[in-house]
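Sequence annotations record features per position, and here TrEMBL assigns domain 'Major facilitator superfamily (MFS) profile' to 24-505. Under the heading transmembrane segment, TrEMBL lists 20-49, 69-88, 100-119, 163-190, 213-232, 347-364, 370-389, 401-418, 483-501.
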Amino acid sequence: MAKEHLEVLNALDVAKTQLYHFTAIVVAGMGFFTDAYDLFCISLVTKLIGRIYYHANGSTKPGTLPPNVSAAVNGVAFCGTLAGQLFFGWLGDKLGRKKVYGMTLMIMVICSIASGLSFGHTPKSVMATLCFFRFWLGFGIGGDYPLSATIMSEYANKKTRGAFIAAVFAMQGFGILVGGMVAIVVSASFKTVYPAPSYQENPSVSTVPEADLVWRVILMFGALPAGLTYYWRMKMPETARYTALVVKNAKQAASDMSKVLQIEIEAEQEKIVKEKGNDFGLFTIQFLRRHGLHLLGTTSTWFFLDIAFYSQNLFQKDIFSAIGWIPPPETMNALEEVYKIARAQTLIALCSTIPGYWFTVAFIDKLGRFAIQFTGFFFMTAFMFALAIPYSHWTHKENRIGFVIMYSLTFFFANFGPNTTTFVVPAEIFPARLRSTCHGISAAAGKAGAMVGAFGFHYAAQSNDPNKTDSGYSPGIGVRNSLIVLGCINFFGMLFTLLVPESKGKSLEEMSKENNQ
């Protein structure tokens, strides 16, 4: 079966960069913008929710979420995301990319709104409904990973495919940035209209009743960008590679791509025959021989990366507090605390997260996936140890700016490195009939790592001095030792990168060996 000679696939591989490429990037990318906003905005408001619902009369410190509640609120969306990645990844190969694409977006819109509503007035009822809807929000987000990556890879040309897939993923950076900006605007607006004293001045009125609206508005805003792109997602045709190689309808594939590329493409239905020995499934010896090590490489590197990346993102507010960049909570009122946490996250996103993503977009098709991923893991390891080993040095007031710069560089090299490449590569190296499934499995391994980071780091980063732990927490290993552990995890990610093949400049069929006779 000479699939390499199918004109429709050749036309896609050699197509010049044009409007439909950028349209696909924006439509798929807005899903990732929403994903990042929804996943990370919760870290901006957890301290506020703790003040509102877990205030203890007479306490010298503001209320905080109990350990089990905090772990659930921070981690439940990752549980949903993992399930969604596996389910929708499999469904994308069974029903087609387009049919499943709209489902994930509607789930995200509905559950973003429902998360902000979180019915009830008692702490237990609000937290239970918040966790319920954030699980299903994560389920929809999970589907966006394999589908967006697969659609973009199957639309793209050989020359700039890496940049196009990376650009879709880079929209995450803008999602994190806008999350911080929305929180700044909302908290500053409410703070101006409803001024309040700090907690240590007057605990009972430092959290105004209207603060309960602040976290709800921030969470519900995530429905807006997702809803705006639904119409355009439904207008995108099914990818030619799915139609030709999986459905085996060359005529439809040629018709769809003729409209997209605005050129005449011959159908060549006679070239599509039932291949022998090249129709193996996921759980077969042949898949294990051809792609077993590849799948181990993509799953393990994404797993190690997400332990470090998500623990850094979700709990950077705790690290900033530990070095004094965010003042002690009792010296601020509730809305002021939201404002300062959001300001810190926005600054990190603006100075390191977003530039890192777009450096990858610029260089991935020049340097290659392997070089960027290996180098990224190397520098993440180096900077983690540089922060951890002299940690007491960074806690001094005069050294805090240096700490923030070093910490920002770990984000830069995560994004100009494995955080982007782990998303790109699984969409390129597996066969069309298993591409979405394998990407979903790889992404789910990443979310398993995110859960380790979300649940484990929250406990581990607690001080080993019982008198300095947050309320309700047992002593942990401290921020310094936690950073050392994360440095070791990044080192393992660097080692497992050796299992991942380079796909720069090669067609999808060449990488997956689907063009083998």
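Counting begins at 1 with the first residue displayed.
Just so it is clear, glycine is given a Cβ too, placed from its N, Cα and C backbone atoms.
What TrEMBL says about a protein is an automatic prediction, not a curated fact.
Between the transmembrane segment (347-364) and the transmembrane segment (483-501) there are fewer than 3 Cβ pairs closer than 8 Å, counting only pairs 6 or more residues apart in sequence, which means the two stretches are not in contact. With pairs at least 6 apart in sequence, the transmembrane segment (100-119) and the transmembrane segment (483-501) have fewer than 3 Cβ pairs within the 8 Å limit; the two do not touch. Only residues 6 or more beyond the boundaries of the transmembrane segment (401-418), in the same chain, are considered here, and those with a CB under 8 A from a CB of the stretch are 170, 173, 301-302, 305, 308-309, 312, 316, 319-320, 323, 325, 348, 351-357, 359-360, 363, 372-373, 375-377, 379-380, 383-384, 386-387, 394-395, 493, 497. With a cut-off of 8 Å between Cβ atoms, the residues of this chain six or more beyond the transmembrane segment (213-232) that come close are 23, 26-27, 30-31, 33-34, 37-38, 41-42, 44-45, 48-49, 52, 102, 105-106, 108-110, 112-113, 115-118, 179, 182-183, 186-187, 190, 335, 338.
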